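Peer 1: Sharing a structure below in structure tokens format, with a few things to ask.
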Amino acid sequence: MERIAPGKVNLGLSLLGRRPDGYHELHTLFAALSFGDRLHLEPIPEGIAFRGRYGRRNLAYRAASAYLEKAGWPGGVRIVLEKNLPEGAGLGGGSSDAAQVLLALKALYPAEVDLFSLALSLGADVPFFLLGGVAEARGVGERLRPLALPPLPVVVFASGLRLLTPLVYREVKPHDFAPELPVEAILEALARGEEPPYWNSLEGPAFRLHPELQEVKARLRALGLKGVLLSGSGSAFFGLAEDEAHARRAVEALRRTGYARWGFLGGNHGAFAADGGPLPPSPGGA
Ligand SMILES: C[C@](O)(CO)[C@H](O)COP(=O)(O)OP(=O)(O)OC[C@H]1O[C@@H](n2ccc(N)nc2=O)[C@H](O)[C@@H]1O
Ligand SMILES: Nc1ncnc2c1ncn2[C@@H]1O[C@H](COP(=O)(O)OP(=O)(O)OP(=O)(O)O)[C@@H](O)[C@H]1O
């Protein structure tokens, strides 16, 4: 069984405040990308045979172990993980891998397991990846409302700087908090190809930790991309291109200085190949 684990960007991320549990209340729009990691999974009599970095600490391994434990070890699984997303870049790579493992194991070994709470226990971004597409999220990222967006050409760039999410959140100060995102106005601007009225509250902390990120953002803007924003806790940025040709030109200008890729975001029709053609739907839905 092959599955694509798409990356994500946050089409706006507002931190509303700090919660008693130490996490932050957020309001964000998740949008899945048309490219990501690739996982190959096959049933084996027992145990978890995993090929990928970090071994048992890998989120894909941890998702397999969590599901099989809850399902009463009906069998085992072999997982081969092909990473295409940069790590620690704010593109949700590990979280997406974990979600695809949960969906695949539910198809391989159906059981009365609440995937959603299992996903949340693995990480705040994991529940979104059970849905994919585009969704408004509140809470720590688990209260999801699916949204519809036409597939938009998007450019993603990561300079290679690893920004660990907990460190960025630890840098958050009270003046980084902001109001709720204007969701309808953002969706309208995106549909019209105008500059969306969104922001990412984590840019402040990230830029305080790594001021050089401001220059990366300026470079993407200078290429004519709209809505240039840090994705999640970074260090990747994304920007919206006028069309495919513009996206290709921007990637050409960026590719010598880091991870540069274009694709489509939005659309609730699952993953697309980066050239815009649809990938075969991954078995087991979603
Ligand atoms: C930055 C985002 O990626 C935006 O989508 C998410 O908020 C982070 O999602 P994630 O990487 O899955 O985060 P987790 O692995 O669950 O949490 C890592 C650390 O980030 C901080 N964290 C995460 C989410 C949140 N709403 N508030 C937080 O303060 C916590 O210190 C937590 O220990
Ligand atoms: N399958 C995995 N893919 C990538 N990183 C993983 C994976 N499993 C564990 N990790 C560890 O988790 C860290 C964060 O990985 P991930 O790629 O999810 O970060 P991210 O892209 O910033 O995600 P997010 O946007 O959710 O913060 C990595 O730096 C790595 O140490």
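Each Cβ is built from the backbone N, Cα and C atoms, and glycine gets one as well.
Not measured: the values here are computed from a predicted model.
Quick paste from TrEMBL:
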| type | residues | note |
| --- | --- | --- |
| ACT_SITE | Lys8 | active site |
| DOMAIN | 58-133 | domain 'GHMP kinase N-terminal' |
| BINDING | Pro86, Glu87, Gly88, Ala89, Gly90, Leu91, Gly92, Gly93, Gly94, Ser95, Ser96 | ATP binding site |
| ACT_SITE | Asp125 | active site |
| DOMAIN | 197-259 | domain 'GHMP kinase C-terminal' |
Peer 1: For the domain 'GHMP kinase N-terminal' (58-133), report the average pLDDT of the model, please.
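Peer 2: The answer is 97, the mean pLDDT of the model over that range.
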Peer 1: Which chain neighbours of the ATP site, leaving out Pro86, Glu87, Gly88, Ala89, Gly90, Leu91, Gly92, Gly93, Gly94, Ser95, Ser96, have a Cβ atom within 8 Å of the mean position of the site's Cβ atoms?
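Peer 2: Leaving out the recorded residues gives Gly7, Leu85, Gly232, Ala236.
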Peer 1: Where Gly94 (ATP binding site) and Asp125 (active site) are concerned, what is their Cα separation in Å, rounded?
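Peer 2: Computed Cα spacing between Gly94 (ATP binding site) and Asp125 (active site) is 9 Å.
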Peer 1: Using a 6 Å cut-off on Cβ distance, which of the recorded positions Lys8, Pro86, Gly88, Ser96, Asp125 come close to any atom of ligand 1?
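Peer 2: List returned for ligand 1: Asp125.
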Peer 1: Determine the Cβ neighbour count for Gly88 (ATP binding site): the number of other Cβ atoms within 10 Å of its Cβ.
Peer 2: 18
Peer 1: Ligand 2: which of the binding-site residues Pro86, Gly92, Ser96 have a Cβ closer than 6 angstroms to it?
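Peer 2: Checked binding-site residues vs ligand 2; flagged Gly92.
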Peer 1: Given the recorded positions Gly88, Gly92, Asp125, find the one whose Cα is closest in space to the Cα of Lys8 (active site).
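Peer 2: Result: the closest of the recorded positions to Lys8 (active site) is Gly92.
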Peer 1: Tally every other Cβ atom lying within 10 Å of the Cβ atom of Gly90 (ATP binding site).
Peer 2: 29
Peer 1: Would you mind reading off the Cα separation of Asp125 (active site) from Gly92 (ATP binding site), to the nearest angstrom?
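Peer 2: Computed Cα spacing between Asp125 (active site) and Gly92 (ATP binding site) is 7 Å.
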Peer 1: By a simple count of other Cβ atoms within 10 Å, which of Pro86, Gly92, the binding-site residues in the record, is least packed?
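Peer 2: Among the binding-site residues Pro86, Gly92, the lowest count of other Cβ atoms within 10 Å belongs to Pro86.
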Peer 1: Can you tell me whether DSSP puts Lys8 (active site) in helix, strand or coil?
Peer 2: strand
Peer 1: Which of these recorded positions has the least crowded Cβ, counting other Cβ atoms within 10 Å: Lys8, Gly94, Ser96, Asp125?
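Peer 2: Per-residue Cβ counts within 10 Å for the recorded positions Lys8, Gly94, Ser96, Asp125 bottom out at Gly94.
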